[in-house]
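Novice: Straight from TrEMBL, here's the annotation block:
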ACT_SITE  158  active site, proton acceptor
BINDING   116, 166, 325  substrate binding site
BINDING   193, 195, 286  divalent metal cation binding site
DOMAIN    25-340  domain 'Histone deacetylase'
C-alpha cells in the first residue's frame, strides 16, 4: 500500500437519519448523518469511493447469529413488543400461579430485548444495512478493490450469537472478520471504544486465527461494574486461542499521553508477533473527553492518532464506528479520522452544512470538551499492564500458521493435555459466569430451556 494513494471504500445511507431508539435513549443514529455532512462539507468524499449499503441476506446474518434470533428481529414490531410487555405486566399483578405464563410473555428478555435494546421501527432494516456495509467492506479488502473500508454505522461489538446487548443487535464486527478470514490466515481486531469488545472476544475466544485487543474502562462503583463488566487482564483466551485475547483494563480519566503510551507499544508488538493479513479497527468515540456515558479524557487528536498509527502498518483495514453519545463530538472525531485515512488536511473551521447549528457555539473541528473525570490511572499500574501484555505476546510461538484448505479430519486435530482440562474448565466456568450473566438469569427465570437453547 506504500508509495501509492490508498483506495478507500466508504459506506453510508441517508436512511440512518430516520432510525430512532427512543426519546431517552443515548444511542442516536443521527450522529452518522452528522459525520457524513462534515465529510461532504470538507470535500473528503472526493477521495473516497462512496457506496450505499445493500441489505444483508439471511444466510449472511446467520453466519454468526442463531436463526431463532434473526427470525425474532425480522418478525417483531414495536407494537408487538409493547403488547407483550403489557400482557406480562398484567399477569404479574395476578396470582403467582401465573408465573409460568408471565415468563412466556416476557420471552423477549431472553433475546436481550429490553430498555437498552428496544425494538424500534426499521430496526431490522438498519441491522441489515450496517451489517452488509461491514461484510462488503471486508469483501472489497479481500479482493483488492479497496485498501481501507469505512463503515461508521458499524462497530456494534456487544451483540452475541443469540442476544442483543449494549445497544447492539447484529455484530457486524464478527461478520466482517468472518469474511476477512476467507482470504486471510490471521485477522487482528482492535477496539478503542470505552466499553470492552465482549461480543467479538467471545466469538473468537478459542481460536488463534483472530487476535482481539481491547482498550477499555473496567471499574466498579459500589459493586456495580461499568458495562459490560468484562475484559480483565487475565482473560487471555483458551485452547488454541490461549494468549490471543489481549485486554487493557483502565480506570476513569486516562489522558491521551498515557493512552498512546500503552497503545503504540502494545500494537507494535502485536504486529510483530501475530503478523495479521488484515485489521478490523473499531473506533468507538465514547472514549473521548466529555462523552455523555464515557469517563476517559482522550482528545480528538489522540483518538485520531491511534487510527493513524494502525494505518501506518500498511495493511488492509476495515474501519468501524461504535459507541459515542455526544453527537457533535462523535461527528468531529469520525470526520477527523476520515481525513486521516484519506491523508487530507482539513480546516479547523467547520464547513457550512445542515447540522452546523448543532455545533454552537464552537464551530471548530478541533474542539475538545473540558475533562470532567480525574485521572485515577496510576503510573505504576499502567506500566504493570503494559509489561504483562508484552510478556503475554512474547510467550506466543510466533504467528500461527494456517493452510487455506479444507478442515483436516478429527484424527489430525491437535490434542490438549488431559491434566490441564480441569483448570481450563474452571477458567471457562468463570468466563461464562461473567460474560453470559444475562443468559444465566433467563435460565433461572424459565425464559430459556438450558437443554434446548
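Every residue gets a Cβ built from N, Cα and C, even glycine.
Automatic prediction, not curation, is the source of TrEMBL annotations.
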Novice: What is the Cβ neighbour count of residue 193 (divalent metal cation binding site) at a 10 Å cut-off, with all protein chains included?
Specialist: 26
Novice: Distance check, please: Cα of residue 286 (divalent metal cation binding site) against Cα of residue 158 (active site, proton acceptor), rounded to an integer number of angstrom.
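Specialist: That comes out at 14 Å between the alpha carbons.
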Novice: Excluding 116, 166, 325, please set out which residues of the same chain place their CB within 8 Å of the center of the CB atoms of the substrate site, keeping sequence order.
Specialist: 26, 27, 158, 167, 168, 227, 293, 323
Novice: Check the binding-site residues 116, 286 for other C-beta atoms within 10 angstroms of each C-beta and report the one with the most.
Specialist: 286
Novice: Which residues, in sequence order, are found in the same chain with Cβ within 8 Å of the centroid defined by the Cβ atoms of 193, 195, 286 at the divalent metal cation site, excluding those residues themselves?
Specialist: 194, 216, 217, 284, 287, 293, 294, 322, 323, 324
Novice: Within 10 Å of residue 158 (active site, proton acceptor) by C-alpha distance: pick out those among the binding-site residues 116, 166, 193, 195, 325, and say none if nothing qualifies.
Specialist: 166, 195
Novice: Give me the CA-CA distance between residue 116 (substrate binding site) and residue 195 (divalent metal cation binding site), in Å, as a whole number.
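Specialist: So the alpha carbons of residue 116 (substrate binding site) and residue 195 (divalent metal cation binding site) sit roughly 15 Å from each other.
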Novice: List the residues of the same chain that sit at least 6 positions away from residue 195 (divalent metal cation binding site) in sequence and have their Cβ under 8 Å from its Cβ, in sequence order, or write 'none'.
Specialist: 157, 158, 166, 216, 217, 226, 227, 228, 284, 286, 323
Novice: Non-local Cβ contacts of residue 325 (substrate binding site) (under 8 Å, 6 or more apart, same chain)?
Specialist: 26, 27, 28, 286, 291, 292, 293, 294
